[in-house]
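Participant: This structure is in structure tokens; I'll ask about it shortly.
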Amino acid sequence: MMENYKHTTVLLDEAVNGLNIRPDGIYIDGTFGRGGHSRLILSQLGEEGRLLAIDRDPQAIAVAKTIDDPRFSIIHGPFSALGEYVAERDLIGKIDGILLDLGVSSPQLDDAERGFSFMRDGPLDMRMDPTCGQSAAEWLQTAEEADIAWVLKTYGEERFAKRIARAIVERNREQPMTRTKELAEVVAAATPVKDKFKHPATRTFQAVRIWVNSELEEIEQALKSSLNVLAPGGRLSIISFHSLEDRIVKRFMRENSRGPQVPAGLPMTEEQLKKLGGRQLRALGKLMPGEEEVAENPRARSSVLRIAERTNV
């Protein structure tokens, strides 16, 4: 199934253009997926350029290993550890660009066996790396009702979080859920008001997936590490697919695009101001997919690309 899958990369040209590729530069694709961004980056690099790709999905790693290019290397692991990968290669402060395409990928969603989709029945798994960590089924079977409700409210912005959490716990007491269809049916039955444009399990599946994969913590750690690994003038090019992701990226870029916040009238010398440091990033704006891309790939509709540049400070 994996070999026959045709994956359309969202905001492909825009995200790579945002990196402002130098032929001899060193770049990181933190979310290799099926390699759309990586292949385009490689096509713009010269012989001296290098691309380090990262993914925690074993299926993505299998695809990456088919790329026979001395300029390219792949790491099986979370992109939150990019600081460690860069340090191991003695490349701190030498990275010219980092690209992140956040969230679950289309191949993951469309493969029922991965357990990400309420539209296809499969094992209730949802792990981006099925070789480690708790599956969605395991977590839902052991979590307290209050914890499930908190996850649904916080990561799914689900208004009926308490009702749904109660229904999940009650169902698991009777017979533990192991299939995506079972969870989708429990959520639908527990939802008193249906949205005619959205499946009632949409928010629950998003929330459980984010929790199981620690997705928001992964993003925050990767962003924090990026400041240390980027060279002056190095770019961040980040695609988000929902408001929780985009909020983190937007806040990070905004906060690091400011200079030191000093109260008005506070007496400080030039030397003291220098020690506080200046802004570390320059936000270069955001892009959203055009009508043509959305028509061709409806999943692109909610995507937002934000670009920033490391300053010389």
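Glycine residues also receive a Cβ, built from the backbone N, Cα and C atoms like all the rest.
Per Swiss-Prot, the feature S-adenosyl-L-methionine binding site maps to Gly35, Gly36, His37, Asp55, Phe79, Asp101, Gln108.
Walk me through the surroundings of each of these features.
Facilitator: Within 10 Å of the C-beta of Phe79 (S-adenosyl-L-methionine binding site) we count 25 further C-beta atoms, all protein chains included.
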Participant: Gln108 (S-adenosyl-L-methionine binding site) has how many other Cβ neighbours within 10 Å of its own Cβ?
Facilitator: 20
